[in-house]
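Visitor: So Swiss-Prot lists the following for this protein:
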type	residues	note
DISULFID	48-59	disulfide bond
DISULFID	60-73	disulfide bond
DISULFID	63-82	disulfide bond
DISULFID	85-100	disulfide bond
DISULFID	103-116	disulfide bond
DISULFID	106-124	disulfide bond
DISULFID	126-141	disulfide bond
DISULFID	144-157	disulfide bond
DISULFID	147-165	disulfide bond
CARBOHYD	62	N-linked glycosylation site
CARBOHYD	158	N-linked glycosylation site
REPEAT	47-82	repeat 'TNFR-Cys 1'
REPEAT	84-124	repeat 'TNFR-Cys 2'
REPEAT	125-165	repeat 'TNFR-Cys 3'
TOPO_DOM	1-20	topological domain 'Cytoplasmic'
TOPO_DOM	42-198	topological domain 'Extracellular'
TRANSMEM	21-41	transmembrane segment
């Protein structure tokens, strides 16, 4: 009885092994045409001249900025059917996209400086009183720094740069000294001039 059981387990194991091998072989065979198709696409896409793209076994001319490919060409080296970008979408360059790109939206702490058009995205900047904290992330607006009382502002805050404060304190005595220094030089010069003329 034990021998029969071992024989049954052995034949079942072989059957499962063969079944797995056949399944793997079938998957490889099914995948082969797909790999050949990708290889052909890569090969042909390199043969299309600049400004053209590969579609349905032919090279087609790109659509111009502000449009997208509605239907590819059927005759080699011609342009397919291009359609103008719908409102709220754009393409900046000649392309072979099947849809235009959605326009950006300004964040709540930004204001629009240029609206989206068929050929350019919407341009936004930080609102008045805010500046871009990190140029790598233009959406990160921060409140402008206010210089402490008595410290002069060297550069006002704008949408791209924070306020720059002077490193020296603007003291009323310093201003008085700066005003009186040229005045005292003038008085001394007049006195010396009068003495010399006598």
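The backbone N, Cα and C atoms fix where each Cβ goes, glycine too.
Situate these features within the shown structure.
Guide: In the shown protein chains, 18 other C-beta atoms lie within 10 A of the C-beta of residue 59 (disulfide bond).
Residue 60 (disulfide bond) falls within a strand segment according to DSSP. Take the CB of residue 60 (disulfide bond) and look out to 10 A: across all protein chains shown you find 23 other CB atoms.
Secondary structure at residue 82 (disulfide bond), taken from DSSP and collapsed to helix, strand or coil, is strand.
Counting only same-chain residues at least 6 apart in sequence, those with a Cβ under 8 Å from the Cβ of residue 100 (disulfide bond) are 67, 68, 85, 86, 89, 90, 91, 118.
Spatially close to residue 103 (disulfide bond) yet at least six residues away along the chain are 88, 89, 90, 116, 121, 122, judged by Cβ distances under 8 angstroms.
With a cut-off of 8 Å between CB atoms and residues at least 6 apart in sequence, the same chain places 112, 122, 124 near residue 106 (disulfide bond), listed in sequence order.
Look at residue 126 (disulfide bond): DSSP puts it in a strand.
Annotation note: residue 157 (disulfide bond) sits in a coil segment as assigned by DSSP. The 10 Å shell around the Cβ of residue 157 (disulfide bond) contains 21 further Cβ atoms across the protein chains shown.
DSSP assigns residue 165 (disulfide bond) to a strand segment in the three-state reduction. Neighbour list (residue 165 (disulfide bond), Cβ cut-off 8 Å, at least 6 residues apart, same chain): 145, 147, 148, 151, 152, 153, 154.
All chains included, 21 other C-beta atoms sit within 10 angstroms of the C-beta of residue 62 (N-linked glycosylation site).
Proximity of residue 158 (N-linked glycosylation site) to non-local residues of its own chain (separation of 6 or more, Cβ distance below 8 Å) is seen for 131, given in sequence order.
Counting same-chain residues at least six beyond the ends of the repeat 'TNFR-Cys 1' (47-82), those with a Cβ under 8 angstroms from any Cβ of the stretch are 41, 90-100, 117-119.
Model confidence over the repeat 'TNFR-Cys 2' (84-124) is summarised by a mean pLDDT of 96.
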Visitor: Please report how many Å separate the Cα atom of residue 63 (disulfide bond) from that of residue 73 (disulfide bond), as a whole number.
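Guide: One finds 11 Å between the Cα atoms of these residues.
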Visitor: Helix, strand or coil at residue 106 (disulfide bond), per DSSP?
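Guide: Coil, per DSSP.
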Visitor: Give the distance between the Cα atoms of residue 157 (disulfide bond) and residue 126 (disulfide bond), rounded to the nearest whole Å.
Guide: 11
Visitor: Near residue 82 (disulfide bond) in space, meaning Cα within 10 angstroms, which of the recorded positions do we find among 48, 60, 62, 141, 144?
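Guide: Cα filter at 10 Å returns 62.
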Visitor: By Cβ distance under 8 Å, which residues at least 6 away from the ends of the repeat 'TNFR-Cys 2' (84-124) in the same chain are close to it?
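Guide: Distant Cβ neighbours of the repeat 'TNFR-Cys 2' (84-124) are 51, 53, 55, 60, 62-69, 72, 130, 138-139, 141.
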